[in-house]
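Quick look at what Swiss-Prot lists:
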{"type": "TRANSMEM", "residues": "5-27", "note": "transmembrane segment"}
{"type": "TRANSMEM", "residues": "47-64", "note": "transmembrane segment"}
{"type": "TRANSMEM", "residues": "77-99", "note": "transmembrane segment"}
{"type": "TRANSMEM", "residues": "141-163", "note": "transmembrane segment"}
{"type": "TRANSMEM", "residues": "184-206", "note": "transmembrane segment"}
{"type": "TRANSMEM", "residues": "216-238", "note": "transmembrane segment"}
{"type": "TRANSMEM", "residues": "289-311", "note": "transmembrane segment"}
{"type": "TRANSMEM", "residues": "326-348", "note": "transmembrane segment"}
{"type": "TRANSMEM", "residues": "353-375", "note": "transmembrane segment"}
């Protein structure tokens, strides 16, 4: 049992995170130099995301009997994303108004370092609904894969899958080649994931070494408030959705525990995307559903980011004594319903969307972003973890709604049961 524990990715990543925290705390300069380890691991994951999405979506769509099912799956997924992300925004808005973590800080926006957020503000100006929609269409297929733009690759994969399906038996050879290529890609993923402990160690050592645990104290109330809100959202909101769907949120979290630890170490939910595609299929969700819901969710179903955006915006208002009446907060909510859909599941994207939102609302000082610039990195873990769990739950829910969920398989896997009813440890 001890040997299997030490060999498990779960144990290795958890140990690596702990060592990274200790190194960053006691030897901050050395810890800060570990950044390339974390960056290298994330780059390796990003290298493989585009081909994984392409293969999964193409084989999933081309293998379906009816194309109407694909459209129905997409429509149901977008409806679910909109409802749940709106709930996340509202919950963040309610809790930050009740707790008021920024009240009493009395910060003068004129004294803040506006230059510190100038880069984010400049990037935020490029955000917009039209620009976002136009960006979904790649300039070239090669460009989409080269840049690793998830939505661009997804669009091409959907079109390719439709075209391959229309070829019928003539396209069988291409289908077989892509399916075989998919197996090779997942083999590469398994090799890359062996480096997850090193990546998690480097990323955590850098974070603690550069920013220090002490930097958490001054704005700790906002951080604690945000983490508690994310936990409540997962347990109460997603837990209720899971229960109605027919599974336990706690058993589901246990099932994806390794992916959660990888995300905890890297602060990017995107780092677990390839494994989530594989694990959700093993959980009983049809490949075509997994291939559509998971990648799309990384732009349209970021529950943790939604909570963060409302809480951070109102926190800045409270800290700078910028009064926000009910009209201003409703305006903020409406703007966030649109701008939050442009956030990708990568580290730092939430901060850029926040800058875009504050600029769009106009009532809040953009310089106020400097207040949370230093602690944004510490809140990204909770954002990424919540995003990952949210997209996993969404996949199961959508699969059930479109009748593409194997309920028996779902129950067997989450309860560590073999198909014959015997209980045993199912590898994750």
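All residue numbers here begin at 1 and follow the chain in the order shown.
Cβ coordinates are placed from backbone N, Cα and C, and glycine is handled just like the others.
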Task: Outside the transmembrane segment (184-206), six or more residues from its ends: residues with CB under 8 Å to it - done: 9, 12-13, 15-17, 19-21, 23-24, 30-42, 44-45, 48, 51-52, 55, 261-262, 264-267, 271, 274-275, 278
Task: When counting Cβ pairs under 8 Å to the transmembrane segment (289-311), the leader among 5-27, 77-99, 141-163, 216-238, 353-375 - done: 77-99
Task: Beyond the flanks of the transmembrane segment (77-99) by 6 or more, those residues with Cβ under 8 Å of it - done: 221, 225, 229, 232-233, 237, 241, 292-293, 296-297, 300-304, 306-311, 314-315, 318, 329, 332-333, 336-337, 340-341, 390, 394, 397-398, 401
Open item on the list: Please identify the stretch among 5-27, 47-64, 141-163, 353-375 with the greatest number of Cβ pairs below 8 Å relative to the transmembrane segment (216-238).
Closed with: 353-375
Task: For the transmembrane segment (141-163), sequence-distant contacts whose Cβ falls under 8 Å of one of its Cβ atoms, 6 or more beyond its ends - done: 46-47, 49-51, 53-54, 56-62, 67, 70, 135, 291-292, 295-296, 298-299, 344
